[in-house]
Amino acid sequence: MLTKFETKSNRVKGLSFHSKRPWILASLHSGVIQLWDYRMGTLIDRFDEHDGPVRGVHFHKSQPLFVSGGDDYKIKVWNYKLHRCLFTLLGHLDYIRTVQFHHEYPWIVSASDDQTIRIWNWQSRTCISVLTGHNHYVMCASFHPKEDLVVSASLDQTVRVWDIGALRKKTVSPADDILRLSQMNTDFFGGVDAVVKYVLEGHDRGVNWASFHPTLPLIVSGADDRQVKIWRMNDTKAWEVDTLRGHMNNVSCVLFHARQDIIVSNSEDKSIRVWDATKRTGLQTFRREHDRFWILAAHPEMNLLAAGHDSGMIVFKLERERPAFSVSGDALFYVKDRFLRSFEYSTQKDTQLIPIRRPGSSGLNQGPRTLSYSPTENAVLVCSDTDGGSYELYVIPKDSYSRGDIVQEAKRGIGSSAVFVARNRFAVLEKTSNQVLVRNLKNEIVKKSSLPIATDAIFYAGTGNLLCRSDDRVVNFDLQQRIVLGDLQTAFVRYVVWSPDMESVALLSKHSIVIADKKLVHRCTLHETIRVKSGAWDGNGVFIYTTLTHIKYCLPNGDSGIIKTLDVPVYITKIYGSTIFCLDRDGKNRPIIIDSTEYIFKLSLIRKRYDQVMSMIKNSELCGQAMIAYLQQKGFPQVALYFVKDERTRFNLALESGNIEKALESAKKIDEKDHWYRLGVEALRQGNAGIVEYAYQKTKNFERLSFHYLITGNLDKLSKMMKIAEVKNDVMGQFHDALYLGDVRERVKILENAGHLPLAYITASVHGLHDIAERLAKELGDNVPSLPKGKQASLLVPPNPVLCAGDWPLLMVSKGIFEGGLDDTGRGVDEDYEEEAADADWGEALDIGEVENLQNGDVSLVLDDVAVNEDNDEEGGWDLEDLDLPPDAETPKTAPNARSSVFVAPTPGMPVSQIWVQKSSLAAEHAAAGDFDTAMRLLSRQLGIRNFSPLKSQFIDIHMGSHTYLRAFTSAPVISIAVERGWNDSATPNVRRPPALVFNFAQLEEKLKAGYKATTAGKFSEALRHFLSILHTIPLIVVETRREVDEVKELVVIVKEYVLGLQMELKRRELKDNPVRQQELAAYFTHCNLQTPHLRLALLNAMTVCFKAQNLSTAANFARRLLETNPSNENQARTARQVLQAAERNMRDATQLNYDFRNPFVVCGATYVPIYRGQKDVTCPYCNTHFVPSQQGQLCTVCDLSVVGADASGLLCSPSQMR
């Protein structure tokens, strides 16, 4: 049983499948009717008007209607599109058990506990017939699928078949008056339009269900006597054929399967049973733990069944419908109707090859499940679920292509999955031992291989390789070398599809697709709500797949989309160009022609094949919001521009892509203040003075316009602005303009006119306009303001603009691939704009020398409703005459039919620091680039470092040291310049070298010498500081050669030994009152790997401490080791010999130490106890100090950086390690 969908709800009493849509109605004991989409697994609607349980429900075959009948004696007809009940049919006097629409006439048949069956006309909404005769509850009634018959089952232990031929004639034939009269009589006195044809007696208890066979004259019934009976009928009589026994409780429902020769029944014994209708034997039983079954429904078109039980319902199939197939070159091999067939794609010729044996057992789902083909040997492996999983090996005879009917004996074997792995070798999975058996064509075992994971299926993965599947991962396993080539976590994989070049693989799960490469490195994952069915790769590396409802595509970057909607599920076998070859569930080969434009277009964009994109835009009908949104999302607004008709969207896209001309076109058509403002902002960003001016004029934004003229130095226009302000009586604007122009007389005049005489007087007298000042003084009389004494007045004159009047200078850039070639502005461009914006944006590609003096066309002001009484020469457009060209500059001529072209602004270059980060995996180079975050992540991954505080100063030094800083001029920020390692004059400017670093290996060697010197002098704290400084610098060192890498790693080991030893020695000096621990620490110090002079000092120290504490035996050991080093200092040698002599007289230790010099050990860096050989320990991933297991996860006490026992990849300090 293959469960497709399951619900949890109240008890389900009625079920009905929709004939076309993937819908099912479930009526519940609670009175609710649910409408489910079993493909999506979603509840679409619920209808809640019945009072009490609803026992019967049925969809109409073609109208958007369904009918329901309940314990409230009501039959309701609903329209599911309008989400409401249309009308209620009243007439029954007790619970209604079942309702059903007639497949042709506007009839409904209903069965009720009032012992009647009623037939209703749902168009006239009347009862047209009452069938009486049963003398107990009628449990079900249904129309025959073809003939004028009704079958009913009742608790009176009978099944009745009713003939409703007269009713049909009455409904259909146009009766004349006399006939109608007799009809009225019969209606009045109890009609004969429905008569009992047969009464089938044989059940010992009440009958719960009876149903017709879809084509044969058979009836099946189920009753409370736990039996299922099959009845046959002819024109005159009906009789019992057989009884099926097996249910342990009342049989609730039973029906014939529409497509297979089987009967399905369910019962209150919590089981569904499947019976062979010809052999009349049980095939299979499906049981539930706690739920009794009440109802069954079969899909009218598809191979689906549904069953309702106490806590919900299930939609299921009895057998898989996917044909077993395998593609090899130009041919498809597949199994259909127990024959192996081949289909040639080129000729579309279908051939029957050989018969494949019928499965011996009579169970369901025993057909071929998978098929594997070896082209050189012409051999086929067929796997099925027979006997718990078995395979059969057939060799196709060369001449059988013509006959295809010779039965040959196949070589068989047990194994849940089998595939060819080489020309004449196939692998069989033996689940019990988790092994793969490699067999030859004689079915002999050649080799056995244990698998790396618990595998439940194997798939082909290239010659000699297998893809092993477990519940949550797949592994690529090489059978020859017995090694794992790749491993990927994924949902349960059902099918595996390799690309033709075996470089990519698609792993298909129930609701997802994972695309990976041949080493199983993950590329992308797609999730689908509807079940994924099949897939294949097309020639462009795009994966095309089918779900139950669609053919879809998946691009290499994970983008997906729909190609076509499907009516029925199909299984893709191969793709040739725009033809997809599929197998359907009937085993027919179907070529489907698809339109691949959309995904080829997206693929070309991803792969940056812009020439293809261009031709596709020109030649195909690609449009729609989805495509525009896609292009915008992927950063191609300039391409999206060519798909859009809506001006507002065009405007937004043009601004986004910086295409100022297109934005201007759209802004004119929209002509709204907000759009002009946004256009002005973008034009200002691009330095396109002309369009800024035009936009400000359109919005009448005179203040901005005045300021714009000031900063571009356009003083003529500024004086015109002042006149406009005067006409508009905008005093403040007029004063500002006068201030911008430095026009003192005008300012005095404005102040005087505004009545500010004192201000006007001061302005005039300060600027030396004595005649005006005297005139104003007379007017002011005694109120003349006094000027401050001793102040030096300075003239307020605006500065000269850096660039006068024209657009900003622009880089000459190559023409964008999508510009010019696609531009349709040249053809139908607005002529007024040709005049208004003659020179608006970026000129044709003039030589830079020719355009130095080329200025933007002036925009003269549009003086709307303003009468200027001066005789000025404004045209109200752009003055095209005042281009100040040098005499030798030739104006570029454009052909009259040439398209205008727009240039794409060059993309800013990548900062050097970003290049460093992208190119390198060395933490030092990331820190130099200032990207401390990734540097810390790298160190954490490589060395397990968690404590970065000791490295903070190094990070800052290294960043500051790899940059130098320049001051440009006062108002500009400081410019930071990256300093590159190994730079010279001959280096090419475009190739960026790695950063110069302040730390190098030579400095560390100097520090090491200083540490040695301090150790010899006994300055242990100072020495420890030097050694720790080395340990904290090494993670940020970069060296060039492999040899230097080894030296750096060696240095880590040397320094670690000294840090550990010195830490123990300093600890020993703190412990004044613990002589035993003092001796132990002194002893451990002698086992650190030190330079010989330092080792002698450590041995001498330990010997002295132990001798004083009367541990003579241990002291003698140190004395012996000291003498073995041949000390050059005679005093040391003499002391050692004296200790030896004293100890030999009394070879014993006063106290027991945790120290055994005979057994090799390392010292724990945190607890300072010996870890003898063979004992468990953990190490620091950076300095490799050993620790006792309890220190796992703690910070290393030696380097103070890494976490003990952390996973780390190791020190990376040279580019040579990455090559």
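The chain as shown is numbered from 1 upward.
Heads up, the Cβ atoms here are built off N, Cα and C, so glycines get one too.
Just so you know, TrEMBL annotations are computer predictions that nobody has curated.
On a predicted model such as this, the values are computed, not experimentally measured, just so you know.
As given in TrEMBL:
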type	residues	note
COMPBIAS	870-887	compositional bias 'Acidic residues'
DOMAIN	340-584	domain 'COPA/B second beta-propeller'
DOMAIN	625-768	domain 'COPA/B TPR'
DOMAIN	815-1219	domain 'Coatomer alpha subunit C-terminal'
REGION	870-900	region 'Disordered'
REPEAT	47-88	repeat 'WD'
REPEAT	89-130	repeat 'WD'
REPEAT	131-164	repeat 'WD'
REPEAT	200-241	repeat 'WD'
REPEAT	244-285	repeat 'WD'
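DSSP places the residues of the domain 'COPA/B TPR' (625-768) in helix, strand and coil in these numbers: 117 helix, 0 strand, 27 coil. Here the repeat 'WD' (47-88) has Cβ contacts under 8 Å with residues 13-19, 23, 25-33, 35, 94-101, 103, 108, 110-112, 120, 122, 125, 300 of the same chain, all six or more residues outside its ends. Tertiary proximity for the repeat 'WD' (89-130) is limited to same-chain residues at least six positions away from its ends with a CB under 8 Å from its CB atoms, namely 14, 55-61, 65, 67-71, 73-77, 136-143, 145, 150, 152, 154, 162, 164, 167-168, 171, 191, 193-194. Broken down with DSSP, the repeat 'WD' (47-88) shows 0 helix, 23 strand, 19 coil. The repeat 'WD' (200-241): residue composition by secondary structure is 0 helix, 25 strand, 17 coil, according to DSSP.
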